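Here the structure is laid out as structure tokens; the discussion comes afterwards.
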Amino acid sequence: MAGAEGDDSLYPIAVLIDELRNEDVQLRLNSIKKLSTIALALGVERTRTELLPFLTDTIYDEDEVLLALAEQLGSFTVLVGGPEFVNCLLPPLESLATVEETVVRDKAVESLRKISQEHSPVDLEVHFVPLVKRLASGDWFTSRTSACGLFSVCYPRVSSTVKAEIRHSFRNNDFTPSLQRNIKLRFPCCISFSLQDSVRLLAVEAGVSIATLLPQEDLEALVMPTLLQAADDKSWRVRYMVADKFSELQKAVGPEITKTDLVPAFQNLLKDCEAEVRTAAANKVKVFCENLLEDSRETIIMTHILPCVKELVSDTNQHVKSALASVIMGLSTILGKDNTVKHLLPLFLVQLKDECPEVRLNIISNLDCVNEVIGIRQLSQSLLPAIVELAEDAKWRVRLAIIEYMPLLAGQLGVEFFDEKLNSLCMAWLIDHVFAIREAATCNLMKLVEKFGAEWAQNTIVPKVLGMANDSNYLHRMTTLFCINALSEICGQEITTKHMLPVVLKMSTDQVANVRFNVARCLQKIGPDLDSSALQAEVKPVLEKLATDQDMDVKYFALEAISVHSTLFTCVPSLERKKKSHVLSRFNRRVLRVHRADCVLSTWLDCGLSRNLLYAMKSHLYHELFPSRDHIIESVVLQHRMHV
């Protein structure tokens, strides 16, 4: 009976052996997935003495089987008798950590890292560290790659002597580039031994992370020499990574090391020959200066950092200047009023006049930092004259750029200062001889009203805009209508009906047809902002009158406005008939299109396009729109009447 019981107890391992030797991969895979069940049946002692040695000797199989085995062994601690006997799992996992397939090695390393936490410090030095050393000194890169993943779990828990041995073993091995990349993620002190810049690149980030964990003496001895060497690396990518991580490195090493070691390194990065490195370093100027020791901060900035900043202000690369402009204003709060006025304001003026729009925008966006330090009066005496000078520049694109920044600048300076210094400038843009400037100025007014409110607009902006309706230049009168279009919705119904509408209605009798048809368009735009009584009593009669105007464009836009507001008031039947039968007939729509196209072609002629080519284009357009000869003659006659 005892023999039968003994035979029965051997049955599970016999099944395992048979299935592991089966030619069917799926059967072998299923047997591996049942290892925990088989181990429970065998018991902890037979699992240690029979099952694990068998698995260690048969580590040659398909990758799927080995992957499942590596995963199973990671949870075998209880099945072998607990943490006291967990070292029994190391031999099969060590073999799995040397196979060629990457996913199997990674899973074996993952299981080894998991069971390493079950080792006591003594067992870790006796059993686990020798395993890491064997893997690190293996002939094939596969084992050495696996060793990289095990270093971080054993290194913090071993004695100083063993730590030194591990570091020595790593320094005295010839690692391939792919292996070095794994090492650098966990062992940054090896940076100086790598010839691959991609490896040194990874080491910088890892070194910064580990610097936060090491005591001061180890930091100075192990990490700082290699990181400072990286800051002067021959590869610009490595130097760029150092510059990009410089603020994190500064916080990790503390103020004393920053003062002695990092300040010279930061100077070199700001003067680097590569624009990408200078850009990354320029972005860190403000943060670096803020983290300096307070008692020596001003001296370091004025002596070491500011000379480099002055060179970057006139850098040849626009990305460097833009990066610097985004942070340089923040130095004013660090250096104080006197140093800002004496040293920083001249730099701000240079960047404010820079040809790159991003540089100017970054300066204007941060004026509030300077305003807090030197006050609005000093700011108006220094920077604002430069802004006004740019706003009156002979090149219209420069003026356009300043207009785009004006709402932002107004928000920085406040409504009172804006009314005193910049309001007249904004109104002057409305009568600029370039249409793009007048258009941008109109949008600028809308944004200013959104920022300062309708009451401010009623008292400050609206009277000046409406006063332009009496200007002798019809372009300025049209600008009044454009401004009313933009401001009506923001200002609200009361201001629109009481102040703007009477001016628009008065302009409906303007002698210039362009003004009259823009009146029709304006009434169409502001109609929803008016009350129904004003629409019926005032707007409707004016639109009806414009619908009988002699000018084709005026008729078109007047009837279009009537059509849009047809739900708000009843249109005159006779006008509706005219709209359908005459004015907006398909033929006259063609005439209108030719009239507009003729204006475009005339503009092209002014730009220097060949007159013969323009005539050919015009002739082709006429034949496209008017197939019959009579239509062409009538269209030419109508256009002649329009021009007359």
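Using N, Cα and C of the backbone, Cβ positions are placed for all residues, glycine too.
Looking at the repeat 'HEAT' (12-50) alone, the prediction's average pLDDT is 77. The repeat 'HEAT' feature in TrEMBL is assigned to 12-50 (among others).
Residues 52-53, 55-56, 59, 63, 66-67, 69-71, 73-77, 80, 83, 134-135, 138, 140, 142-143, 145-146, 149-150, 153-154, 157-159, 162 of the same chain sit 6 or more residues outside the repeat 'HEAT' (89-127) yet have a Cβ under 8 Å from a Cβ within it. If you look up TrEMBL, you'll see 89-127 (among others) marked as repeat 'HEAT'.
Mapped onto DSSP classes, the repeat 'HEAT' (223-261) shows 33 helix, 0 strand, 6 coil. Residues annotated as repeat 'HEAT' in TrEMBL: 223-261 (among others).
Listed by sequence, the residues of this chain that lie at least six past the ends of the repeat 'HEAT' (262-299) yet keep a Cβ under 8 A from its Cβ atoms are 228, 231-232, 236, 239-240, 242-244, 246-247, 249-251, 253, 255, 305, 308-309, 311-312, 315-317, 319-320, 323-324, 326-328, 330-331, 334-336, 339. The annotation repeat 'HEAT' is assigned in TrEMBL to 262-299 (among others).
Taking DSSP states H, G and I as helix and E and B as strand, the repeat 'HEAT' (305-343) has 33 helix, 0 strand, 6 coil. Summarising the annotation, TrEMBL assigns repeat 'HEAT' to 305-343 (among others).
The repeat 'HEAT' feature in TrEMBL is assigned to 344-382 (among others). Beyond its flanks by at least six residues, the repeat 'HEAT' (344-382) meets 309-310, 313-314, 318, 321-322, 324-326, 328-333, 335-337, 390, 401-402, 405, 408-409, 412-414, 417, 421 of its own chain at Cβ-Cβ distances under 8 Å.
Nonlocal intrachain contacts for the repeat 'HEAT' (383-421), taken as residues 6+ away from its ends with a CB within less than 8 angstroms of a stretch CB, comprise 345, 348-349, 352-353, 357, 360-361, 364-365, 367-368, 370-371, 376, 429, 432, 434, 436-437, 440-441, 444, 447-448, 451-452, 456, 460. Look at TrEMBL and you will find 383-421 (among others) tagged as repeat 'HEAT'.
With a threshold of 8 Å between CB atoms, the same-chain residues lying at least 6 positions outside the repeat 'HEAT' (461-499) that come near it are 427, 430-431, 435, 438-439, 442-443, 445-446, 448-450, 454, 506-507, 510, 512, 514-515, 518-519, 521-522, 525-526, 529-531, 534. Among the features that TrEMBL reports, repeat 'HEAT' is placed at 461-499 (among others).
Feature annotation from TrEMBL assigns repeat 'HEAT' to 500-538 (among others).
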Counts of helix, strand and coil residues, the repeat 'HEAT' (383-421), according to DSSP: 34 helix, 0 strand, 5 coil
